[in-house]
Amino acid sequence: MTDPRDPDFPAPPPPAPGGGLAARAMAARPMPYLDGLNPAQRAAVEALDGPVLMLAGAGTGKTRALTARIAHLLVMGKAYPSQILAVTFTNKAAREMKHRIGGLLGETVEGMRWLGTFHAICVKMLRRHAELVGLKSNFTILDTDDQIRLLKQVILAAGMDEKRWPARQLAGLIDGWKNRALAPAQVRGADAAAFGNRGSELYAAYQERLLTLNAVDFGDLLLHMVTILRDHPDVLAEYHRKLRYILVDEYQDTNVAQYLWLRLLAQGHRNVCCVGDDDQSIYGWRGAEVGNILRFEKDFPGAQVIRLEQNYRSGPHILAAASGLISANSGRLGKTLWTAETEGEKVRLIGHWDGDEEARWIGDEIEALARGDRAPGRVGLDGQAILVRASHQMRAFEDRFLTIGLPYRVIGGPRFYERLEIRDAMAYFRLAVSPADDLAFDRIYNTPKRGLGEKARQTIQHIARDAGVSLLDGAALAVQSGAIKGKGAAALRLLVEQLARWHAAVLSGVSHIEIAEAILDESSYTAMWQADPAPEAAGRLENLKELIKALEGFDNLQGFLEHVALIMDNETETDEAKVSIMTLHAAKGLEFPVVFLPGWEDGLFPSQRAMDESGLRGLEEERRLAYVGITRAERLCTITFAGNRRLYGQWQSALPSRFIDELPEDHVEVLTPPGLYGGGYGAAGMAFGRALGNAGDSTLETRAARADAYNSPGWQRMAGAAAKATTRPLSTPREARGLVIDAQAAAAFDTGARVFHQKFGYGTVTGAEGDKLSIHFDKAGDKHVVARFLVAAEDAGDVSF
DNA sequence: TCGCTCTCTGTTTTT
DNA sequence: CAGAGAGCGA
């Protein structure tokens, strides 16, 4: 690290502050990036020295200010590119930043080698100091899948039943501890009691295994670096000297480990600029601490706090609706977003009978907007997005859009590098690069099928452990010694030989693309999928081709594997205009002219589970999520809810989200669908009062019902409970009410009665079973329907369906 | 060892 | 309901 030619720190010593170089730089270089900045943005760009907290509301030009600030640092001669540490959470954000700095300066900035995600930067650092935590610098990075497999082994080795003690749960605990920068010995209190009192013991065993494998998981990247910086002042001092300016994006999302890491690095020169928005903190459930941003001023006394409050994205009603909603949260740093825009659409609100109808209506609206038949004017499919709370909500839209032929794209679905075939192929590549990668060997030794089962696996493992060698070497020994016999032995011998050959090829510098192709071909992996008659096999072969194509962007397999371990995004090819469907979480940082926010029902959004597990804190995070959703919209935002939804195969009814009541009325336009609010639908119908426009009279009942929902156990448990309700006393008021309504409703119809159903139309009652009625519908045929969803046919007239 | 059937369990997700 | 994983029979 002291080598002046160190590629990580290529710059000559820093320029004299304020002196000749800076002056010359200023004279010589224009600062076009300052043009058009508003006063707050400009202040944020120019306050280069000392701690700065930039509170940047949604759509206030945060990225612009951040990138301009970096450009300014460079132009002012404050630092060379290599002396700026700029941290983001996602690779996408890092890429965008790099790209935009280049744009501002009119040249590509090559030297910014400390611009990247927390994880990518930590990898780079950790490779330099790996030995300080007992690793070698070529350690491998395990993804979640590897992590789970390893934990399973650890649990098994501890003599625990992996069924009762699922590895996933332990992974969650360990991740949580690592997020909080806790080493096994520091796990205390309730945490220590977790996992049958053996949580920290297993955590320790897992860490042990990781070191033996020369591997780290994602959490370790931060944890190890915090340990190193904390325990080795010389290393820390080096970074203090070299990294003169620190910038952090999305500061509200940092967890404790990231916070400690930053604080250690920043405490030298205190030139740290954190950018964030406490109102957009939506990752508390995975360890983010809003507290980090809330106490910035305490951590860095004398910090300048700069608020970016002018919003350039959304129309005035959208902004006002979002602001009104978020004002229900407590403990905010407080910002007042405003916009120069005066014209714009109100936020639209509409309720639907069920999830299918919601999907149908949104599909129609999207088409209408694409035709130009709606208020803000024509908006193409690319400009429209549906943001859902939970991914299972996507299904209704996909089904609907497939039937009407509306092109859509799901963002954040199964990622390319997480696919089975890609992971298999990657395991082969990993073994070719590092023959001692036991996890990779474990994955592919019998893929494609080589006639090696559990028994062979154990044999290899024992031999390897006894000899103290890798699984691959153990396999070689097993074949030699005849410990594995029969057709499996021949196949295993071949595999061992092949891997040796591929490894030699890697070492001798054969083109990595050739090697990769040879591996997939000679291992018969490709052949395996070619022979597979399953419909998805073709797609998998396509993916493998794409994998090979992706290799072209790299110099060698090592570089590629390194990249993939940290970068799990899939840039989807996009030529055709499509509607985007994604979760609210995935939408953070994006914007669309038109946004649909479906599923605003209590229990779904806000999520019952978030409230059960985290109480008021959980509710507030849900509210921030709602805020993020609304503020994604530029011109039109539509919120919808459904009275009934199918969840795990069962119909559930729900109340409209409490967030709906929190929207300021003046900025909301209620679209009342014909016929839905005739009343008499029980719980769902009652709470639609607000949407009907008769606010006030229903609020008491609505509030009481909400209180039930808030206090009741989790909604999925309730699904089960409702199913068993006939044999068990009713426990929750909500559950009881639903059944009472059903029972009353069922009793209200006699056999032969004419009824009307929102979806199936007119029909005749043919029988009753408990709370359900058998109906012969004139058009839809025979169905079993919960009585509450029916209206007597003669009443249907008033309701104008 | 393979493949079928049964049982269970279902937010949000980046790296 | 639907996907994953375990368990059992061939």
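From the backbone N, Cα and C atoms, a Cβ is placed for every residue, glycine too.
What TrEMBL records for A:1-22 is region 'Disordered'. The domain 'UvrD-like helicase ATP-binding' annotation in TrEMBL covers A:35-315. Annotation source TrEMBL lists ATP binding site at A:Ala56, A:Gly57, A:Ala58, A:Gly59, A:Thr60, A:Gly61, A:Lys62, A:Thr63. Residues annotated as domain 'UvrD-like helicase C-terminal' in TrEMBL: A:316-589.
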Revision key, fill the gap. Given the ATP site A:Ala56, A:Gly57, A:Ala58, A:Gly59, A:Thr60, A:Gly61, A:Lys62, A:Thr63, its other Cβ neighbours within 8 Å of the Cβ centroid, in chain order, are A:Asp277, A:Leu308, A:Asn311, A:Tyr312, A:Arg313
Check your understanding: Other than its own, how many Cβ atoms are within 10 Å of the Cβ belonging to A:Lys62 (ATP binding site)?
Key -> 22
Point to revise | Three-state secondary structure, which DSSP defines for A:Ala56 (ATP binding site) | key: strand
Review point. What three-state class does DSSP give A:Lys62 (ATP binding site)?
Key: helix
Practice item. Return the residue, from the listed binding-site residues A:Thr60, A:Thr63, with the maximum count of other C-beta atoms within 10 angstroms of its C-beta. Key: A:Thr60
Check your understanding: Across all chains shown, how many C-beta atoms besides its own are within 10 angstroms of the C-beta of A:Gly59 (ATP binding site)?
Key -> 22
**Study point:** Chain-internal residues near A:Ala58 (ATP binding site), provided their CB is under 8 angstroms and they sit 6+ positions away
**Key:** A:Asp277, A:Asp279, A:Gln280, A:Asn311, A:Arg313, A:Ser314, A:Ala322, A:Leu337, A:Tyr627, A:Val628, A:Thr631
Review point. So of A:Gly57, A:Gly61, which of the binding-site residues has the fewest other Cβ atoms within 10 Å around its own Cβ?
Key: A:Gly61
**Study point:** Chain-internal residues near A:Ala56 (ATP binding site), provided their CB is under 8 angstroms and they sit 6+ positions away
**Key:** A:Lys62, A:Ala65, A:Val275, A:Gly276, A:Asp277, A:Arg307, A:Leu308
